[in-house]
C-alpha cells in the first residue's frame, strides 16, 4: 500500500511542477500543438464563439477599409461644399470604427497584461471617437437645417477631436491611478473571474470598468438628443442625415444597455464569469456593424449628390461641352432658325447672301460648252432680212444718251424701229442700207 502511494506521488509530481505540460496535452480541437494557449479561443471549435466573432470582425475590417477608400476617392466629385466640410469628420469616424473591429480580437484571446490594458484603454477611446464624430455631425446639422449654412470643416473636425481628447485624458488617468493604487496596497484585490495580481489591468472589477465609461455614455446621449432638433429644421433636405444619426445612436443605446446589464449583473447571477470577454467582444462587433450599416453606408451614398440649388442653376445655365455632338447640335439649331422664314422680314436675298463669282462653275472645261459671241450671232442673221430691223439705227434718245450701259435694251430697239418706219426713203426705193447702230448720224 505504501509503495502504491509513493508511485502515485511520483507520477503526479511533474503535473504540479509543470502545469504547462497538462495544458499542452489537452489542445482544443482545431488548434495546433505548438500554438500559444493565449490564442486557443481563435481556433477552438468546441467553443465556436471565438471563431464566429473572428469572422465577423474580419469582414467588418475589410468593409470599413473599402468604405474609407471610397469616401476619400469621392472627394473630387463632391459638388456640395456643405457636405465636403463633413468628410474629414466622417473619415475620422471610419478610423474609429476600424479600431473597434480590431479590438474584437483582443477580447477573443485570453487575458494577459497587454490584452487587458488594450481593452481597458482602447474600449472607451474608440467609442469616444465614434460618438464624438456623431455629436459634431449633429452640431453641424442643426445649423444646416435652420440656416442652410453650417460651420467650416476644420471647426467640425476640431470639435470631434477635442471631445475625443477628453476621454483619452480620463482613461489615461484612471488606468494609471488604478494600477498605482493596486500596487501600493499590495492586497489580494482582483476580479471575480480570475485571481490576477494587484498591479495587473485585468484585476479591475467589472463595475469599475463600466463607471469609467460614463463620459462615453454622455457623448452617446448628447448625439441621440441632438439629432431630434435637426429633424424640425426649415431645410428638409438635411432631415435624412439627421435620421441616419438618430437611427445609429438609438441602436447604440440599445446595445449598450444590453451589454452593461450582462457584464455587471447577468454573468454574476448565472455564475459564468468566463462570459465577460465574449460579452465585450459581442458588444464591440455589434455596435461597429451598426455604425457601418446605419450611418457610414447611407452617408457615402449621399455624399456625391448635388444640392437643389446647384440643380436649379444647372437647369438655368447648362454647361456647354466642347465636342463633335455639341457642334452638330449648334449647327442644327442654326439651320432650323434660318429655314424657318414664317416670321422673317421681307428683305432681298442678295443683300443677305452675297453671290460668289464662281458659284456657277461646275468643274467642267469651258471648251466643252458652246457659247456663241455677239459677232457670231450677227453673221447667222439671214441676208434677205432688213438690217435696219435686225440691227436698228441708233437715234438721239435721251434714255440712251443718259444710260451708262453699252448694251442695247428692248425699249431702245423698239424706239429705233419706230423712227425708221416714220422716215421715208431718200431715193424712193425700198433700198436696204446697212447702218451701224454704234455710229451716230
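Cβ coordinates come from backbone N, Cα and C, glycine included.
What Swiss-Prot records for 51-71, 86-106, 121-141, 156-176, 209-229, 242-262, 280-300 is transmembrane segment, and it gives sequence analysis as the kind of evidence. The topological domain 'Cytoplasmic' annotation in Swiss-Prot covers 72-85, 142-155, 230-241, 301-441. Annotation source Swiss-Prot lists phosphoserine at 344, 383, 403, 406. According to Swiss-Prot, the region 'Disordered' annotation covers 412-441. Annotated phosphotyrosine per Swiss-Prot: 414, in sequence order, evidence recorded as similarity to another entry. Look at Swiss-Prot and you will find 423 tagged as phosphothreonine, backed by a large-scale study or a structure entry.
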Are there three or more C-beta pairs under 8 angstroms joining the transmembrane segment (51-71) and the transmembrane segment (242-262), sequence spacing 6 or more?
-> no
Contact call for the transmembrane segment (51-71) against the transmembrane segment (280-300), three or more Cβ pairs under 8 Å | yes
Spatial neighbours of the transmembrane segment (209-229) not adjacent in sequence (6+ beyond its ends, CB under 8 Å) are 120, 123-124, 127-128, 131-132, 134-135, 137-139, 141-142, 145, 163, 166-167, 170-171, 174, 242, 245-246, 249-250, 252-253, 256, 260, 263-264
Counting by DSSP, what is the helix, strand and coil composition of the topological domain 'Cytoplasmic' (230-241)?
-> 7 helix, 0 strand, 5 coil
Long-range Cβ contacts under 8 Å made by the topological domain 'Cytoplasmic' (142-155), restricted to residues 6 or more beyond its ends, are 82, 84-89, 226, 229-235, 238-239, 242
Determine how many residues of the topological domain 'Cytoplasmic' (142-155) DSSP places in helix, in strand and in coil.
-> 9 helix, 0 strand, 5 coil
Residues sitting near the topological domain 'Cytoplasmic' (230-241): Cβ under 8 Å, six or more positions beyond its termini, same chain?
-> 137-138, 141-142, 144-146, 148, 298-299, 302, 307-308
Chain residues in Cβ proximity to the topological domain 'Cytoplasmic' (72-85) (below 8 Å; excluding those fewer than six residues from its ends, i.e. six or more beyond) | 91, 140, 144, 148-153, 156, 300, 302-307, 310
Across the topological domain 'Cytoplasmic' (230-241), the model's average pLDDT, rounded to a whole number, is 85
Checked against DSSP, the composition of the topological domain 'Cytoplasmic' (72-85) is 9 helix, 0 strand, 5 coil
